[in-house]
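Trainee: Checked TrEMBL, it gives:
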{"type": "REGION", "residues": "1-24", "note": "region 'Disordered'"}
{"type": "TRANSMEM", "residues": "46-64", "note": "transmembrane segment"}
{"type": "TRANSMEM", "residues": "164-186", "note": "transmembrane segment"}
{"type": "TRANSMEM", "residues": "206-230", "note": "transmembrane segment"}
{"type": "TRANSMEM", "residues": "242-260", "note": "transmembrane segment"}
{"type": "TRANSMEM", "residues": "308-327", "note": "transmembrane segment"}
{"type": "TRANSMEM", "residues": "339-357", "note": "transmembrane segment"}
{"type": "TRANSMEM", "residues": "363-382", "note": "transmembrane segment"}
{"type": "TRANSMEM", "residues": "405-425", "note": "transmembrane segment"}
Amino acid sequence: MPLTARQRSIHNKNGAKRATSFSKGKRKISEGEFLVTNAPSDLRTIAYPGGAVALALLLFARILSAYYGQIADCDETFNYWEPLHYLVYGNGLQTWEYSPVYALRSYLPLWLFAVPAKILSWFMTPITVFYSLRVLLAVLSSCAEFMFYKAVCHEFGVHVGRVWLMLTLPAAGMFMCSSAMLPSAWSSALISGALACWWRRRYPPAVLLTAASAILSWPFTALLGLPIAIDMLFIKRQVYDFMKWSVIALLVILLPTIAVDSWHYGKLTIAPWNIVAYNIFTEHGPTLYGVEPWTYYFVNGFLNFNVVWVYAVSCPLQLAACFVLAPRSTERAAFCAPYWLDLLPLALWLPVFMLQPHKEERFLYPVYSMIVLAGAVALDCLQKMTFAVGTELFRWRKERERRHYLSYTGPLMVICVLVAGVGGISRIAALYTNYHGPMTILRHLPPAPDHAQLNVCFGKEWYRFPSSFHLPQAYATRFISSDFTGQMPAPFAKGHNATRLIHPHFNEQNKGDNRTYLNPSQCHYLVDSDAGNPTTLQPFYHKDPSFEIVASVPILEATKSHQVLRAFYVPVLSSKNTVFANLYLLKNKLVL
């Protein structure tokens, strides 16, 4: 929306103040100069969402993801939803990372969600608690993205800000990340907030949020705080402030983390250090869980951001070309950091993780907002270069000094944004159509009889288990043998000290241990599918006369479906070129 007279006054006044405060001893920069270099020369011609509208749009998009998004990574279920379920209800599945022998995961961030979940559990069913927590995650993510949006408008100009907003709302990557119960997703919000505070020159919260991301969620995200440290230590020379707030962060965040984890594990525990040591200083590290080629993130980035990913990857080249073809348009206000420093978090993160043999989609979550920002900057550079070339070749030349580049390149921006939006919505529709079934299959379980303890078993479809929050009370999840030979979670022990007990079946070598498995005859209900071909350990249980089909939902058979049309939903074409199997909920007639 156009700026009001009061908003223009505040914008110009604040801009002039910042230009003066960061130019001590230098020539004073006029407000007109920074408006020309950092934003359109006539802000009244620029329509962009104000604060309330932007926040409302972000909340709407992210709450939709909380309700309609699926759990894309079984690590989210087993390492976060399950121990959270244990903290709230006293039962759930435990992984080896939570064994006191290894103590790789911290309980403190889980308690931040367990406290409200415990309160909600007094008057809500577990599944309602689950979706309430996802909405909470979505709201927190929206607030962090809103901070990021406001800071982008401040640091890069309102045009880049509005483009960022239009690109991030329908992005499939943001849809999946914003409500995920994963440390990398928490870091996505925390780092977005830290960068937003940094761009607004609010250094104390920038340092604290970076520390919170590194200590509470994922230690490796400390790398993303390096540009903030460079700015404070070497550019602004705020060594004392940096050290002071770093020490405060350690006292306020790290000490409580150590205290909570030491109590849970029954010994002195520094979980952030343990996960760093495991990933870096062990012989095998995470490679036991698979390795991927160097192209993995390029393909994954395109799936989650389509053309925005192409813009983002090409951003350095676009900026370099823009410096050559339209040098004046790349000038920035005195209060802005140089482009290389602003975009350094993404330039650091991508090469580091592309070089790691073990790759997962969630590893890029912390820089998802930066990927969209790099795409918006690249698109802005494309518009500037188009205008620069156009003024030389067409009649725009006579308007060059009086008109802004947006006057002629608006349609280009609209086309690019629409292509990105259609691609994002197409990807989201494909994810929901192809993979949402496991989120609903357990709704068909009946309430358990009084004082009964019933088992719901998973075999070859173990990775589709959504969480114990999806089970009615008195149900427990167990596993049966399958062709998968890796290590599976096991139920938490009974009692108040379950987190301190050491179980012999946990190991760090990803070796399966069938002592925790049940025999299919001991399962009251069984989740199975007719995907693939039956084997000795993976028969089609729905054809076994001892099991009765209670319900079924469709799941995609990826190997039998068209690669592009299973990745992006195209009306009519996708339905004709994708193949679905059935995921069954089976009832054991011999025990029920």
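Cβ coordinates come from backbone N, Cα and C, glycine included.
So that I understand the layout, could you describe where these features sit and how close they are to other parts?
Mentor: Remote same-chain residues near the transmembrane segment (363-382) are listed as 145, 148, 152, 156-157, 159-161, 163-164, 167-168, 171, 173-174, 177, 180, 182, 184-185, 187-188, 191-192, 195, 213, 218, 221, 224, 297, 300-301, 304-305, 307-312, 314-315, 318-319, 321-322, 330, 339, 343, 345-346, 349-350, 353, 356, 412-413, 416-417, 420 (criterion: CB distance under 8 Å, separation of at least six residues from the stretch ends).
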Trainee: Can you see whether the transmembrane segment (164-186) and the transmembrane segment (405-425) are touching - at least 3 CB pairs under 8 angstroms, only pairs 6 or more apart in sequence?
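Mentor: Stretch pair touches.
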Trainee: What residues in the same chain, six or more past the boundaries of the transmembrane segment (339-357), come closer than 8 Å to it by Cβ-Cβ distance?
Mentor: 155-156, 191, 195, 199, 223-224, 226-227, 230-231, 235, 287, 291-292, 294, 297, 312, 315-316, 319, 330, 332, 363-364, 366-367, 370-371, 373-374, 377
